[in-house]
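Novice: Marked as ADP binding site by Swiss-Prot on the basis of sequence analysis: 13, 17, 266, 309, 410, 414. The ATP binding site feature in Swiss-Prot is assigned to 13, 14, 15, 266, 309, 313, 410; the stated evidence is sequence analysis. According to Swiss-Prot, the feature sn-glycerol 3-phosphate binding site maps to 13, 83, 84, 135, 244, an assignment based on sequence analysis. The glycerol binding site annotation in Swiss-Prot covers 83, 84, 135, 244, 245.
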């Protein structure tokens, strides 16, 4: 049967999804399942790895059944995933030794402090491009080894395997035959030298992590193994892997130096491709791995905002100001401005460029005249302000002043937010016709690996822009608003 489709598995923080793309990069069908979040104590976030696998595998089976597409028509499966989230399992039984520790989890802060005390901060920065922060996988691995009974001994005997979620899914899909990751995911572990593209022995020693735990690192665009849907039928190639943000960067075809995208999800993640040069940030950004025009390793600057769409969830779930996230555009548009109100959503600290884990959220500028509409508008504007923080830092680090910003993620359907983003950055904001760019990136990688598409040049004709938002306020007004935001952030950090 002719190979007509590519499937992307998009394993996220709150749900697992499977999406079928045809040769024109149109979405044919989507399947999605949510899974529970586990919060054992304040600042701790976990997932059950078996629930991740169950949700992801069931979406794949359901996707093909619902669409009527036979597995033999699928050219390849690509995988994109929440990054940094850490799983350790028994390599014989496949049973996890502990729940997956999620990227948001802060439990390993003390390990980061210990590494700083050992004088490793600069070495980590130079080698991995990252900061010493519990966000990344390395300290999560060490926490499991040190705190779960018997795990360190088993790891040192070579009985256990570590993986980020991509590695876990490939291992399960191949029935334990393949233990692999790609450079984009490896670069988020705190253990990977982004210059040599190798695991770093000094960092492994510092964290006391056996190298036998670690997966083999293969290119993002490659055939890793084969899988059978529900263990039946012919085999399908697993042929592309990228961490979610690098996958979105590739899906937006930001494959040349100076191109950037911002993903509006639970958090916001802004990445700029810096080509063959690993730019060292002096403004609070991360240096990470990206994917180039020929699927080769490129580098990128990355800024992460912890509270993007999660801020809107807070308005809905904790304050009860809205019933649905889509309501925010209506309420925000009912007022001309926020009447001086700023919301700094530092509920779990502040990410780039501040990196202050002790900052806490604040609602600044409230008066007797402040109402629900002002607060809702301030919440949306906060997402755009934080993205402006990242863009300014990138301009200082790279010397590149962006003229266009590509956007994706759930919140880009909010026209108010997109227009305000253009206004506050003085940059054109381009919204794609297909906003599933994270999944599209994985599909592109898989399709290129097996020859379903010939090159990224062919793909450029498949990424249409649905709307461009043009800056519409004066430079003076923009500066006035942004100065107010900076004052609010300063108060938050001081408090």
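Every residue number used here counts from 1 along the chain in the order it is shown.
Placed from the backbone N, Cα and C atoms, the Cβ positions cover glycine too.
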Novice: For the binding-site residues 13, 245, 266, 313, which one has the sparsest Cβ surroundings, going by other Cβ atoms within 10 Å?
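Specialist: Among the binding-site residues 13, 245, 266, 313, the sparsest Cβ neighbourhood within 10 Å belongs to 313.
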Novice: Of all the binding-site residues given, namely 13, 15, 410, 414, which is spatially nearest to residue 135 (sn-glycerol 3-phosphate binding site) at the Cα level?
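Specialist: That would be 13, nearest by Cα distance.
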Novice: Least buried of the binding-site residues 309, 410, going by other Cβ atoms within 10 Å?
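Specialist: Result for the binding-site residues 309, 410: minimum number of other Cβ atoms within 10 Å at 410.
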Novice: Nearest of the binding-site residues to residue 17 (ADP binding site) by CA-CA distance, picking from 83, 84, 244, 245, 313?
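Specialist: Considering only the listed binding-site residues, the nearest one is 244.
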Novice: Rounded to a whole number, how many Å is the Cα of residue 309 (ADP binding site) away from the Cα of residue 14 (ATP binding site)?
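Specialist: Here the two Cα atoms lie 12 Å apart.
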Novice: Which residue, out of the binding-site residues 17, 83, shows the minimum number of other Cβ atoms inside 10 Å of its Cβ in this structure?
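Specialist: Fewest other Cβ atoms within 10 Å, among the binding-site residues 17, 83, is found for 17.
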Novice: Excluding 13, 83, 84, 135, 244, please set out which residues of the same chain place their CB within 8 Å of the center of the CB atoms of the sn-glycerol 3-phosphate site, keeping sequence order.
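Specialist: Apart from 13, 83, 84, 135, 244, the close residues are 82, 85, 102, 103, 188, 243, 245.
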Novice: Taking Cα atoms as reference points, which of the binding-site residues 84, 244, 245, 266, 410 is nearest to residue 14 (ATP binding site)?
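Specialist: Closest by Cα: 266.
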Novice: Counting distance between Cα atoms, which of the binding-site residues 83, 244, 410 is nearest residue 313 (ATP binding site)?
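Specialist: In terms of Cα distance, residue 313 (ATP binding site) lies closest to 410.
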Novice: Taking every protein chain shown into account, which of the binding-site residues 14, 15, 414 has the largest tally of Cβ atoms within 10 Å of its Cβ?
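Specialist: The residue with the densest Cβ neighbourhood is 414.
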Novice: Just to confirm: which same-chain residues, 6+ apart in sequence, have a Cβ under 8 Å from the Cβ of residue 244 (sn-glycerol 3-phosphate binding site)?
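Specialist: Result: 10, 12, 80, 81, 82, 83, 263, 269, 438.
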Novice: Enumerate the residues of the same chain, 83, 84, 135, 244, 245 excluded, that satisfy the criterion Cβ within 8 A of the mean position of the Cβ atoms of the recorded glycerol site; list them in sequence order.
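Specialist: Sorted by sequence, the hits are 82, 85, 103, 188, 243, 269, 304.
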